[in-house]
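For B:4-124, the entry in TrEMBL reads domain 'Gfo/Idh/MocA-like oxidoreductase N-terminal'. Summarising the annotation, TrEMBL assigns domain 'GFO/IDH/MocA-like oxidoreductase' to B:136-259.
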Number of protein chains: 2
Amino acid sequence: MSKVRIGLVGIGSMGTAHAQYLIANEVEGAELTAVCEQSEERLQMFAEEFGSSVACYNSYEAMLDSGLVDGVLIATPHYFHPEQAIKALNKNLHVLIEKPGGVYTKQVREMNEAAAKAGKVFSIMFNQRTNPLYCKLKELISSGELGEVRRMNWIITDWYRSQSYYDSSGWRATWANEGGGVLINQAAHQLDLWQWATGLMPTRIRAFCSFGKHRNIEVENEVTAYAEYENGATGVFVTSVCESPGTNRFEVTGDRGKIVIEDGKMTFSRLRVLESEFNSTFKGGFGQPECWKFEVPVVGKNPQHKGITQNWVDAINKGTPLIASGEEGIKGLMLSNAMLLSTWTDNWVDLPIDEDLFYKKLQENIRNSRSTKNPLESRTLNVSGTH
Amino acid sequence: MSKVRIGLVGIGSMGTAHAQYLIANEVEGAELTAVCEQSEERLQMFAEEFGSSVACYNSYEAMLDSGLVDGVLIATPHYFHPEQAIKALNKNLHVLIEKPGGVYTKQVREMNEAAAKAGKVFSIMFNQRTNPLYCKLKELISSGELGEVRRMNWIITDWYRSQSYYDSSGWRATWANEGGGVLINQAAHQLDLWQWATGLMPTRIRAFCSFGKHRNIEVENEVTAYAEYENGATGVFVTSVCESPGTNRFEVTGDRGKIVIEDGKMTFSRLRVLESEFNSTFKGGFGQPECWKFEVPVVGKNPQHKGITQNWVDAINKGTPLIASGEEGIKGLMLSNAMLLSTWTDNWVDLPIDEDLFYKKLQENIRNSRSTKNPLESRTLNVSGTH
């Protein structure tokens, strides 16, 4: 079996991290054969070090047409993802894109259609789906171990970003270029995990976004969202990038008790009988079901980005099912879009959302933008410790 | 100094608990001289045991006119509180009422007016204000130790109540008699502590109440509320009485870090420099302020109901400042009313609330009630372990 020849698009902060593990041959069945980068400075630096084995392009089209790549890994700013992905799929290349799939759901839908037409493997870098903690949660919910889900509360505020971070890239935190803030960038992972691990999408959402809180940016950087589900369950999702040290605590209650993920550990407070069963038979005053609290053993490490790239390569080489397919990538983005739309309309948003209304409101924000940032200006950040 | 002669009104679940510590002479400077109870059966049982030292009345007015009492401790169902309190104040007696002060804020306002006119001591049984954990939180916030408050999240769902509990009292969980559910009864304590410990009242609230969730009752038993504050802070308050084992976790973030109260412990993640100061000077990519996490020593035990009764007696005897004055009792109830009103109107509610609108909506609920419960039917529950 020949190796999948990967073309890497964008060698900024995230792209450089991808290049490193690919060049170190840490993804089995794959090799980095080409990179493409708009910044002459970055491209030259890369060429000086790796130019002998990796072809360097400043034109995306030239790389796609080079015959040197079977698939592309796209690590450009978000707003390039849909266009670049569709171009590659239309040239019969496999595609793996950094999250988010797009800024609005219609973009992901179009990529999925192009992938289906080309019959190529299209995946999105949801590198938290390979986190054993959330894999375990998914298993405990889907197997019925927790009973019917009733209430959720996820506080995910440990994505601290300083003003300096926002100032480092001209495209960041602007409506025109990043297309959003914490929802589209940092918390995109948790929004994806929220629906993926629980298997639940809300029927409607009421959300409250703060824009440019404690920071000189125009997009949302603190969000509280309330969600309602078909089975009567409710959920709260809170995210912020201006808190330190922040919290990452996900609580899910069900008919069988409560699971809490915090500090990298999973605690299960498990009832011996279902709450609903206890309630229907108990005849006393203040009693409640017997509960056993324990830490759930969670085995393994999260292979992160490399794990998703490996899965994409395996899907190409051996037909391995995708961990994060394009079809699935739309769901977290739907939640994200719904939260902004609810804030913009100061009202409930039913799901699936009105895609045209979201697009219209986003364009209004772009037109009304007062950002003076230059999207082409940026400096490379060390992304170790980020996701 | 002569002892304050207390008349206890109602010897149901809670009243019996008050009688026990008063008869055991555990409140200094006070004695139980009379009780009043509508249920002949209960009154007779009480008289058989304590009738030699405590006068027993089935008429409230007769007890007030007996000349045997200097003050009354009212532990009847909520909807009796305002009328009974005002009657006693108008007869120049001191008053301590069980929480809540009333079902709607206007009632508490009227009691405060009567107390001011009579010049008598009027207090409400907020027996969590004597919990050293929340006293400590109040101190850390009011002293500026936490910095400006930015975000709060209180999940208080460990007030489990079974259907059997609701069925035990005809007046419980009905609009006409209890006047509400978890907000007016169980979480009334936390709503009071929320504003008391933080010193903050929201400017507006958007809340989502579920009525009769998993229980055959008509009032709210699960609530998610979102609050906004004048300084830009936000807060989430979640409460439920149909979850087991439930959670009691209060997180408060400020410019100086984060305080979490959970499992009876207080953890402070304290930044060495204010976040705002770090943010204004940091020039790197992903850095954040140095943080020291430690458990805050919290000394003492909560004297609970007895502590509030002692404070009320001390206020009468020695002019000791009240821990929970009637003037303060209105604030938690304002939050509670706002949450119901927001749900009923499916909209934001500005604070202070429109009291007349709340009253009108409450009356609508009473008129539309389908409850078939008989408010006079009940059985005495053992309240050990409740608040």
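From the backbone N, Cα and C atoms, a Cβ is placed for every residue, glycine too.
Summed and averaged per residue, pLDDT over the domain 'Gfo/Idh/MocA-like oxidoreductase N-terminal' (B:4-124) gives 95. Per DSSP, the domain 'GFO/IDH/MocA-like oxidoreductase' (B:136-259) is made up of 23 helix, 43 strand, 58 coil. Secondary structure of the domain 'Gfo/Idh/MocA-like oxidoreductase N-terminal' (B:4-124) per DSSP (helix as H, G, I; strand as E, B; remaining residues coil): 55 helix, 28 strand, 38 coil.
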